[in-house]
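As annotated by TrEMBL, active site, pros-phosphohistidine intermediate applies to His115. Annotation source TrEMBL lists ATP binding site at Lys9, Phe57, Arg85, Thr91, Arg102, Asn112. The domain 'Nucleoside diphosphate kinase-like' feature in TrEMBL is assigned to 1-137.
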Amino acid sequence: MERTYIMIKPDGVQRGLIGEIIKRFEQKGFKLVAMKLTSPGKAHMEEHYADLAGKKFFPGLISYMTSGPVCCMVWEGAGVVATGRKMLGATMPSESAPGTIRGDYCIEVGRNICHGSDAVDSANKEIALWFPEGISEWNSCQSSWIYEG
Ligand code: IDP
Ligand code: MG
């Protein structure tokens, strides 16, 4: 089953949006298989965002992302990577549709409250980076009410 890495950024944690974001993924039918609140520091965050190291906003991004704890999660389900991105909304909150997390709860790209993996490959990399201890495998009693087969 596909998995994605979803992270509530320091502003989302400070603004009390952890429950709201978890609620949306739970109610959709996705399964939570790992979660923790952590402040990993600069080097770890730079590794997470290594692809963006050349961007002008990179130093600001790293200082934003290390300004407080982040809530790290792994969610599992069919198509969860692409659907998770749709649920988050566009990177730019001004372009995020109402009804999406970013569309409903933020205004600026530099304070866009949540992260979601953009592909299955990057999801697997991010899960390994953030959860070297592994995830929790469990069977949900809801699965036959969510999946047909
Ligand atoms: P994503 O989070 O939607 O995948 P990315 O392009 O991977 O978007 O960028 C990672 C994060 O970097 C964004 O979520 C946002 O917090 C920040 N970011 C992206 N573009 C800008 C920008 O133009 N100015 C400031 N911050 C940016
Ligand atoms: Mg990205």
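Every residue gets a Cβ built from N, Cα and C, even glycine.
Automatic prediction, not curation, is the source of TrEMBL annotations.
Reduced to three states, the DSSP call for His115 (active site, pros-phosphohistidine intermediate) is strand. A coil conformation is recorded for Lys9 (ATP binding site) in the three-state DSSP classification, outside any helix or strand. Here the Cα atom of Thr91 (ATP binding site) is found 9 Å from that of the residue listed as 'active site, pros-phosphohistidine intermediate'. Per-residue confidence over the domain 'Nucleoside diphosphate kinase-like' (1-137) averages 98 (mean pLDDT, predicted model). Around Lys9 (ATP binding site), the C-beta neighbours below 8 angstroms that are at least 6 residues distant in the chain are Tyr64, Met65, Val70, Arg111, Asn112, Ile113, Cys114, His115. Ranking the binding-site residues Arg85, Arg102 by C-beta neighbours within 10 Å puts Arg102 at the top. Here the binding-site residues are Thr91, Asn112, and the one with the most other Cβ atoms within 10 Å of its Cβ is Asn112.
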